[in-house]
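Structure record follows, encoded as structure tokens.
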Amino acid sequence: MTDYKNTLNLPETGFPMRGDLAKREPDMLKNWYDKNLYQKVREASKGKKTFILHDGPPYANGTLHLGHAVNKILKDIIMKSKTALGFDTPYVPGWDCHGLPIELKVEGLVGKPNEKISAAEFRQACRDYAKEQVEGQKADFIRMGVLGDWDNPYLTMNFETEAEIIRTLGKVIQNGHLYKGSKPVHWCLDCASSLAEAEVEYEDKVSPSIYVRFAAVSAAEVEEKFNALGKGQGALSAVIWTTTPWTLPSNRAIAVNAELEYQLVQLGDERVILAAELVQAVQNALKIEQLEILGSTTGQDLELVRFHHPFYDFSVPIILGDHVTVDGGTGLVHTAPDHGQDDFVVSKKYGLEMAGLVANDGKFISSTPFFAGKGVFEANDLVLEKLKETGALLKLERIKHSYPHCWRHKTPIIFRATPQWFIGMETQDLRIKALSEIKSVRWIPSWGEARIDKMVANRPDWCISRQRTWGVPMTMFVHNETEELHPRTLELLEDIAKRVEKAGIQAWWDLDPAELLGEDAKTYHKVPDTLDVWFDSGSTYASVVEQRPEFNGKSTDMYLEGSDQHRGWFMSSLMLSTATNNKAPYKQVLTHGFTVDEKGRKMSKSLGNVIVPSEVWNKNGADILRLWVASTDYTGEIAVSHKILNSAGDTYRRIRNTARFLLANLNGFDPKNDLVNPEEMISLDRWAVSCALEAQNEIKEAYDNYQFHTVVQRLMRFCSIEMGSFYLDIIKDRQYTTKADSLARRSCQTALWHISEALVRWIAPILSFTADEIWGYLPKLDNRAEFVFTEEFYDGLFGLDESDKLDDTYWQQLLKVRAEVNRVLEQARNDKLIGAGLEAKVTVYASEEIRPLLEQLGNELRFVLITSQVVVKPLSKADVAESELTGLAIKVERADGEKCPRCWHFSTDIGSNKEHSHICGRCIENVEGNGEQRQFA
């Protein structure tokens, strides 16, 4: 017999070497949804402790970007890993469906409401458009491998959800948090509506930067305040600095800080009042060389001193405000109560009325002297001309600065006082309660707590009313004269909510007030406003979590969104839940950063660095996208590029190749009949299983702490170091050459089987498609579940027995020795002394500490070092230099004997058996005899 190929146990599996994910994943998805995988996961988890991750609804408009992919994949990894950790994890995806972006899109398609089509038809067009957008985004989320109740998502435009949003408004009213008032709010001229804090973006804008004189009504009074009677010469004025000249027509006061020192200063040929700390800066800005301090006083002493308006025929007082600082300007602040939050608050204390000069369209009303009918930004130059004309303009230049813009139109916005509905931060101690609740939440990363704490501490009252068509209406009736809410408001809200439940928000617009109010309809009218969309999404703790049966009345464990949501969804949810339930709506809040390219730049078409999620899964597969997400530290900016994705592909191939090796070497293994008990297994195999147990414990802990990059790193260490470059390399000889049903081989296959069962579960939350594929190739079991996703982490792993002399420390030491031997073998290969490692005979000269470890393996040490022969001698007898590993010296020679064509080991006994004259004695025992015996490796 000369052909011994059929006597070898060569690896064999149908599991392909190449993932070909882009092609295979859609078929797997079809199988998942044909067999209702999500419901199978839910059924398998029935009765277990619940973990609820409430999905923050993306906006139902436009195609998905990588930020969406990061968000949904992180959520999916959490839900799948929590299932594996023993939780029941219902996941209900949702969408935010009302609001301005959809209105604008629909306006472009069908025109504005009440122009070409009625408001009712316009709302239906918005509903249809949003539904279409949801379907498109849903298909993409599913393609990413995200499991959830996609057939029954929550939409904020669902009739039932709209009704619950109205009921939440009722609770806000019931608890005394709602009031109507005129306050400055962010106002978009293009939207003709107020904006929420989260709808404001800051972009650079060029604006006029001006210093303006307000002439003293009585110079003598001012001189006296500064103890400077008769000092200096020329006109005397208070100087303010502003970048919004258009707000000067609405000026009603000058604010100073009571605690600051102010000085009367001779600047050239005039006298001006400035904060002492800013005198030098203003002198430099005005480029005036002559300066003399005429007198000093505190802001407190200047209270109610009056100055002429720079171009109107009335005077304005100096008032005191804590918001005045010396960070810039002059230390005297132009105060227009209509156009600034601080201005409004401080003016209210002094009973100063708002001017009300700017209309909804951003133009000055017809009664405004000099500027009637002009747009506010157009009026800037006109105001400058007027200031020059009256001699009030001290200095003009143009500066580029950060300025608030509308998130949708990308155009500058203004602060404008309008009658709106607010949730008061101070009423019923809402701010104090919210700040207290923040402390009860686990924030991941931890800096999120300080961030939202500061935002809540400083935020103004929440303007929840909008002047829009497509939104949940503020279904209230107010008195025609007093603007007071109808006394039966709560009862009426519930009646309207029931109508909306059946017919949607159009039920409100179609409602005749007399139907509900009777005679009161003559003295009460409908509120025409809609709710801020952040009220919609912010109330989903009530409209979704408290209503959906799968959540069973449990409170939410986690909210997970991008870090911009501290001021968005996290904030609105916290405000509403605290206002209605006196508690935060979440126990944990996890935030991730934004996607940037490898140079840290934002994605933009102009830079050509935009990567679309579909581009990735169509080319590389969704598993590569998922692995990239899991591999990053999501707490900061998340870098992505084709190079980074290719790197994720390399990581993927290492994991896939490990899985393929495991499966190929389980060929012919039947766990029911071939499983070897741990105590009978060969030492190295027991150690390999214990390595898997250690890895699993670390992986479970990392999953539990949402440290997915740690999971990937631990997976790679296990696959590349502990398995790939050590264990799996060593066992090839035993796996391929020993008798097929020998203990030596079955012990090895038992280890491989345990490791495979564990590994497939480790990767399932991240590499979901690949895990599903591996699951189908594992050895059959009568009780094997159809899908890996219904399973918990594998509980069949075991550690080394305490009595086992060859413990983990032993094998870790051997791993180091083997790495050093490999280094020396590589040098011998480079020197052309040997080719493969099996052509070598290695003499290991070892110290007294290391030598006993090596000698414990006896003849089996050669299998660990993968050489044909190994001799161990005392280090003192070494005739070669000591190696890099202390206590070792290694000599490499060509192996004795001939190469066995079956096992490729060199042996001196080839030819001693006439019947098998070509192979070594070990192979003869494995082919003809009872099979070689192994104890250690």
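Yeah, the Cβs are placed from backbone N, Cα and C, and that goes for glycine too.
Keep in mind that what you see is a predicted model, and the values were worked out from it rather than measured.
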If I go by Swiss-Prot, the feature motif ''KMSKS' region' sits on one of 407-411, 602-606, 907-911. Which?
602-606
So which range, 58-68, 542-552, 663-673, 894-904, gets flagged motif ''HIGH' region' in Swiss-Prot?
58-68
Outside the motif ''HIGH' region' (58-68), at least 6 residues beyond either end, the same-chain residues with a Cβ under 8 Å of its Cβ set are 95-97, 99, 101-102, 105, 130-131, 133-134, 136-137, 140-141, 155, 562, 594-595, 603, 610-614, 640
Of the binding-site residues listed (Cys903, Cys920, Cys923), the greatest number of other CB atoms within 10 A surrounds the CB of Cys920
Fill in the CA-CA distance, Cys920 (Zn(2+) binding site) to Glu561 (L-isoleucyl-5'-AMP binding site), as an integer in Å.
64
Given the binding-site residues Cys900, Cys903, Cys923, state which is nearest to Lys605 (ATP binding site) when distance is taken between Cα atoms.
Cys903
Counting only residues outside Cys900, Cys903, Cys920, Cys923 in the same chain, those with C-beta within 8 angstroms of the Zn(2+) site's C-beta centroid are Thr737, Pro901, Arg902, Trp904, His905, Ser907, Ile910, Ile919, Gly921, Arg922, Ile924
If you measure between the CA atoms of Cys900 (Zn(2+) binding site) and Glu561 (L-isoleucyl-5'-AMP binding site) and round to the nearest Å, you get 61
Cβ contacts within 10 Å for Cys900 (Zn(2+) binding site), all chains included, total 23
So, three-state DSSP: helix, strand or coil for Cys920 (Zn(2+) binding site)?
coil
